[in-house]
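Take a look at the structure set out below.
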């Protein structure tokens, strides 16, 4: 079997619930492996590192990028991915998470889960005897943040000292961007309306982690302050899944936080625009920005594949 990096920190058997659980060295290793796997894919090199391995994918929420990228990633690595929706599982009929975790652990080599409740993922990981990967909860979206950091790294050549501005709702994506900024030395400024701030416990945990890398994490209600001299500007939908009923109310509150051409003029000339998708053109971002020359959204979406392949290989074979 071809090997990845020769000198690696073994992550075999670990869970990925939040990047705050990983050291800066471990996060950097995942990014390095993602770059290597991306290059191998570009070169047409086979990467059968997970031959004979199976990934159980539990989806309680709809998904395009997450399902396709994990499924294709496992296939490219020589393994198999099994899609499981609530209607396919007894957990959807009230079976305890403990039983589901223990039983699935007897069948598959890792479990990926996308659900609203972070507590449910923590419970699943507690009882599972195989690695559990958080593919989105109400608190974190670590695989997305790895892809985001990978994209910025490719565009800017380093993350250390670069400024990422996140503008919009202080949601799960925002939490994970704070986490990866803290772990990589990337400065992150978050601009949110009052009442829609990031979870302060998560912010404090990320701030504590940032002391190790020198990253600066800032909260503000002013999107112009966030955008000033930014290397990358990031936004997300104003109403995440589960908050659709608040759409009209949020549109009024978030309108001053729209990412548009005027806001981009405050950033560096080579600023990259990021969005985890799906996007609502004309709401959180204008079409001229998301479809313009600064947009890196499709590179970012592709990098979900490579980042997750790095996670899978690291957790399943330790390389």
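Placement of Cβ uses the backbone N, Cα and C atoms for every residue, glycine included.
Annotated features in Swiss-Prot:
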- 63, 64, 65, 66, 90, 114, 141, 142, 143, 144, 276, 277, 304: carbamoyl phosphate binding site (BINDING)
- 172, 236, 240, 241: L-ornithine binding site (BINDING)
Cβ within 8 Å of the mean position of the Cβ atoms of 172, 236, 240, 241: remaining residues of the chain near L-ornithine:
136, 141, 169, 171, 173, 237, 242, 243
Counting Cβ atoms within 10 Å across all protein chains shown, which of the binding-site residues 172, 240 comes out on top?
172
If you count CB neighbours within 10 Å, which one among the binding-site residues 65, 141 has the smallest count?
65
Proximal but sequence-remote residues of the same chain as residue 236 (L-ornithine binding site) (Cβ under 8 Å, at least 6 apart):
168, 169, 171, 173, 174, 275, 276, 284
Conformational class of residue 276 (carbamoyl phosphate binding site) under the three-state DSSP mapping:
coil
Suppose we draw a 10 Å sphere around the Cβ of residue 276 (carbamoyl phosphate binding site). How many other Cβ atoms does it contain, all chains included?
25
Tell me, how many other CB atoms lie within 10 A of the CB of residue 63 (carbamoyl phosphate binding site), whichever protein chain they belong to?
16
Return only the integer: C-alpha distance in Å from residue 143 (carbamoyl phosphate binding site) to residue 240 (L-ornithine binding site).
17
Which residues does residue 304 (carbamoyl phosphate binding site) neighbour through Cβ under 8 Å, counting only same-chain ones at least six apart?
65, 66, 69, 143, 144, 147
Whole-number answer please: how many Å between the C-alpha atoms of residue 241 (L-ornithine binding site) and residue 141 (carbamoyl phosphate binding site)?
13
Measuring Cα to Cα, tell me the gap between residue 240 (L-ornithine binding site) and residue 63 (carbamoyl phosphate binding site) in whole angstrom.
13
Which entry in the list of binding-site residues, 143, 241, has its Cβ near the fewest other Cβ atoms, using 10 Å as the limit?
241
